[in-house]
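What follows is a single structure, written as C-alpha cells, with notes after it.
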Amino acid sequence: MTVFITVFGIVQGVGYRPFVAAQAKELGVKGWVRNCGGIVQITASGDPETVEGFVRRLHEKRPEGAQVERVTVKPQPEEPFDEFRIDLSGKCKGHTGEAPVIPPDLPMCESCKKELQNPKDRRYRYPFISCASCGPRYSIMNTLPYDRGTTTMQDFAMCPSCEKEYQAGRRCHAQTISCHDCGPQLILRDQGMVWEKEEAFAKAADLIRNGGVLAVKGVGGYQFVCTPDKEDAVERLRLLKGREKKPFAVMFPSVEAIRAHCSVSDEEETLLKSVARPIVLLRITEKLFCPQVSGESRFLGAFLPCTGLHQLLTDTLGPLVVTSGNFTSEPILYRDEELLKVDSPFLSGVLYHTRRILSPLDDSVARVFEGTPQVIRRSRGYVPLPLLFARRAGKPVLAMGGDLKSSFCLLKGDRAYVSQYFGDMENYQVSRNYRNGLKHMERLLRIEPLSVACDMHPGYHTTAFGEDLALRITAAGPLKFQHHHAHAASVMAEHHLDGCIGVVFDGTGYGTDGTVWGGEFLLCSGADFERRAHLRSVPLCGGDAVAKNAVLAADCYRCAAGEALGSPRFEMVQAAIKHRINTQDSSSMGRLFDAVSALLGIREENSYEGECAIALENAAAAAKDAGKAPLFLEFPILEKENGEMVVDQVSLISQLLETVRADGDKDRIALGFHEALSDAVLAVCRKIRAKSGEKRVALSGGVFANLILLHQCYHKLIENGFCVFLNNAVPSNDGGVCLGQAWLAAVTQQEGSE
Amino acid sequence: MKITMAHGSGGKSTSELIAAVFEKNFHNPVLARMEDSAVVPGAERIAVTTDSFVVTPLFFPGGDIGRLCICGTVNDLLMSGAKPRYLTCGFILEEGADTDQLQKIAASMAETAKEAGVSIVAGDTKVVEGQGGIYINTAGVGFVPAGTDLSSSYCKKGDAVLISGNLGDHHAAILSERMQIKNTILSDCAPLGEMVNALLEAGVKVRTMRDVTRGGLGTVLNEFASASNCRIELIEEKLPVSAQVRGFCDILGLDPLYMGNEGKMTVVVAPEDAEKALACLKNSKYGENAAIIGSVLSQGHGEVLLRTPIGGTRIVTALYGEGLPRIC
Ligand SMILES: [Fe+3]
Ligand SMILES: [Mg+2]
Ligand SMILES: [Zn+2]
Ligand SMILES: [Zn+2]
C-alpha cells in the first residue's frame, strides 16, 4: 500500500524530515519525504499495517520544537521504492494554499549543549553549534522552502566533515550545520584591533571582567553585555544606551543560578526553558547585583542562554547584564556595519560573526500570572508562529497595530501571524524595519492581504501607512477600529470569545467621539461594542508631553478637582486648560496613575514608559509587605442620562489630596488607590452584567502590566462569578493591538457576508 | 466711538468712516481717486494673492492685526519671487467695534505698508452684527522679474535648507496673550522684503521659499518634500528657538516645529550657495538668528526627518491636529 501524507504545522527547520526518515527506517517504510513551502509531504509505501503504524507515529511523536497541527492521508497508486529518502528536489505536489508555518529561532538543544561542553567533541566550544532541531531559523530565513540556500548560511560552504554529517544522524539536513572549520567564527574588534575565534572569546571575556561594555551579536540583533557586579560597568552601559533608567535583564548560565536571586516557580522554570527562551520577570529574593541593574524594582528580568556563544559567556563569566543593542528610542542594531560604525567612549568592543541577520528581533519578555504565561514583548522565539482563530477570514487581512509598540498581524484563513515588536513608528529606522518586516513576512508566508485594518487615530503613522496600502490594494479605505476595542478584541481572539465586558486601561487611544480614551469599560459583541463606562473625561494639557511629565498630569487633575497651587507653572497650566491651549479631554488611566504617583511625591517623571506607575505599584507593594492596611479611597460611579457610567477619578483625587494632608503614609495611600480602582472595576462590571447578562470579562491595556491591580481585579471578579480572560500569547500593551484589529476585521467580513 | 450698522450702510456714515480712518492713513494718488477699481501701471508677470485675518486678540505683544494683514500678504507675494506693489483691503467690522482701535490698526497698516514698500490702492468696508470684532482681508499684487522661477518642486539632493530666524515667536505670543500669561515673548510679525531682495540680488540659487505660518516649519517642509519627492533632513540642535519660547513650549507640550510665525521664512538653496544665503539673511533686518538647519538628503521619497542630538532620527509629519497625544 502507498499513501500520500501531508503534515501541517511547525514542521520545517525543526528536524522534522530526519525525524520522519528515522521513523520510516525503524518501521521499514519506503518512500520519500520533502519540504513544500512550510508543510511536509510524505509518500509512504509498505504493507498496510506498517503504513498505518507509521501514520500513527506521525500523530503521536514529533521532534522538540515541532508542532503538528494536522496530518492528512490520501491513498496513492501503488509505487515501488527501494529505500526511504529525503527528497531535496523542491518539487511540490498538490499545494494546499494554506499559509505555511515557519519555525521561530530555536535555542541550543541539550545534545548540542553536551557537545559544546565536551572537550572530545569536534564542536567543543564552537559558539554557533546547532543541529536539525536547534539553531537560528526565522532571523536568517530569506524565502521558503527552508534550505541552506535560502538562509544566510548560504555564505558558508560546508567542510567535508560537516558535509558528511549532513547526510545522516542528528545533523541530517540541518541547514545551519557548521563547525570550527567552516561556519561563522567569532571576531572581536576593539579600537581597530581584531582577534578571532578562541582569542576573540578570551579577549571579550577579559573586557567584560574588567568592567567593559561589549556589543555581542545575538540571534536577532546585537546585545550590549556587561557584568552586573560593577557599578561603573552598568553605569557605562546606561550612558552608552542614552541614559536609560529602565531595569536591565540578566542572563544566567542555569535556572539554579537564577534561584540565588529570584524565586522560580515550576511554571516559571518551564517558561524560562521554553523554545523562546524569553526574559522572564521574576520576583527578586536576594539583591545580589549592584543597584544600577534593576534599581528599586521588585522584579528581575532573567533569562537563559539560547546559543552556544551565550552559554560559553555565562559559563565563563557567570550572570551577565544582556540588553538589546540599541540607543534610546532607536530599534535594535542588527547589521555589522552599523555597529562597527558606533563611536562611543562607553563601548569597549564588538564581539560578532559574519552570518547576516535578515529579520531584527529583540529578546522576548514574558511572565507568569496565576500559573499561565503572559507574553509582554513578543519577538525572538515566538515570531513567526501563528495563533489560531476560532473562525476563518474570508479575505487575508493585514492589521497595522498601534504606533508606539508597533507590530502588525497578517491573517489568512484561521492563522494569525503577529510580527515582532518594532518600536515607536515616529522613529525613522523603526518605520523602515516595520515596512521591511511586512514585505518579508508577506513573501515568506505568501500572504497577499486584501483587507487592511488600522487604528482610528488620525496621527498614527501606522494609520497613514494603512490608508496608503488600503488604497493600493482595494481602492478603498482601511477598516478603522477604536483602539480600546482592539485591545479587548485581542483577548477575544486569543480565547475565542464572541462577546465580553472589555475592561481596557491604558494611556491613550483615540475615541469614537474625538476625545482621548484610556479608562474604558466596553461591552463587546462580535465586531461591535458599546462604551458602557469610563473614567471621567478631564481636560489634560500638553499633548504627548503629559505622558512624560507626571507633574503636568497631576496639575491637570488638580485643576479638574478645583485645587490650586501658587506657582507660576501651575498658573500657566491652569490658563492653558481654561483657554484650551494644547488641551484634550481625556479619560486616560495611565495619566491617572502618573498623577497619583506625582501627587504622592513618589515619582514625577516617566523617563521610560510606565516608570511612575511602577513606582506607585512598588509603594503599594511596600505597604502590603509591611502588613499595612490600605487607606480607604473610593471612586464614585455616576450614571449619565444615556445610561453610560462615569467612574469619577476627580473625586478620588480630592479624597487623595485630603488623605495626603491628613496622614501622609504614601504607601498606604498607594495601596488604597489600587484597592479603590479594583473595587470600581468590580462594581462597574456587576452593573453591566446586571443589564446585559454578560459575565465574561477581558482585562487588557498596558496598565494591566501592574500586577497588584491585575491580581486584585482578577480575584474580585472571579469571586463574584465572572469568567476573567487575559492576554497570554500577545502583549496586553499596544503590541497586541494588531491581533485585535485582525480579529475584528475577520468578524466584520463574516458579518458582512451573512 | 463704536461702529454701528449705519457705518456699513454705504451712505454718509460709511464715507465718514472711510475718510476718518482709511483715507487718512493710507492716502496715495491711486486710492485718492476713489474709483470702483484701482488702475495701476505694470507690464511684467504678475503675482496675486489674498489672505483673511481673524486673529484674537487684535493687539498682541510685537504686533497687531493691522501689521499682520500687511505682512501676511506681502510675504506671500515675496515667496513667489515677486516684488510686492499694491494691496487691497476689505474690512468686516462687527457692530460695536471701537473706532479708536480701528484708527490704531489703520495706522499700523500704513506704517507696515510703508516699510514693505507697498501701496494700499483699494478697499471695502462691511458691518455685520456681532460683538465688536474686526476682520480684515487683504489681497496683493506684485511683479515677478523675468528669469525668476521658484517652485517647491525644485528641491534637489544636496540642497541646503535655511530658516530666517527663531521659531514659534508669533504663536507663543498669541497664546500667552490669550492665556493672559505675562512674559516678554514678542510676535515676530514682519515683512520679509529686505531679506528676499538680498538673496535674489546676491544671485543665490534659490529653489524655493515659503513663509512659515500656520502649521509651522514641519508642515511647510513636508509640502516641499512631497512636491519635490525628496527626503529632507533637519538637525534638531540647529533649529533656532529662543529660550523663552522653548520654556513656554516645554510647559505646555508644544512643538516649535508646528508653531506659527508671521515673519519667518524657510528657503532651500543650491548647496554651494548655503553660506552666501545665510550671510544675506543674517545681514537683513529680522534675520539675525537665521541658520542652516538641514539639507535635502536624497531624491525619491517625500518625507522630512529630524536628527536628534542623541543620534536618533524622527519622522516629522505635517501637522494633523493640535495636541492629540499618541503615547499610550
Ligand atoms: Fe493602548
Ligand atoms: Mg498667507
Ligand atoms: Zn541541537
Ligand atoms: Zn564544518
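Note that Cβ sites are derived from N, Cα and C of the backbone, with glycine treated the same way.
Keep in mind that TrEMBL annotations are predicted by a computer and have not been checked by a curator.
The annotation domain 'Acylphosphatase-like' is assigned in TrEMBL to A:2-88. Averaged across the domain 'Acylphosphatase-like' (A:2-88), the predicted model reaches a pLDDT of 88.
Per TrEMBL, active site is recorded for A:Arg17 (among others). Residues within less than 8 Å, Cβ to Cβ, of A:Arg17 (active site) and separated from it by at least 6 positions along the same chain comprise A:Val33, A:Arg34, A:Asn35, A:Val40, A:Ile86, A:Cys172, A:His173.
Sequence annotations record features per position, and here TrEMBL assigns active site to A:Asn35 (among others). Within 10 Å of the C-beta of A:Asn35 (active site) there are 24 other C-beta atoms, taking all protein chains into account.
Residues or ranges marked as domain 'YrdC-like' by TrEMBL: A:198-381.
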Check: According to DSSP, which of helix, strand or coil covers A:Asn35 (active site)?
Finding: strand
Check: Can you tell me how the residues of the domain 'Acylphosphatase-like' (A:2-88) break down into helix, strand and coil by DSSP?
Finding: 25 helix, 36 strand, 26 coil
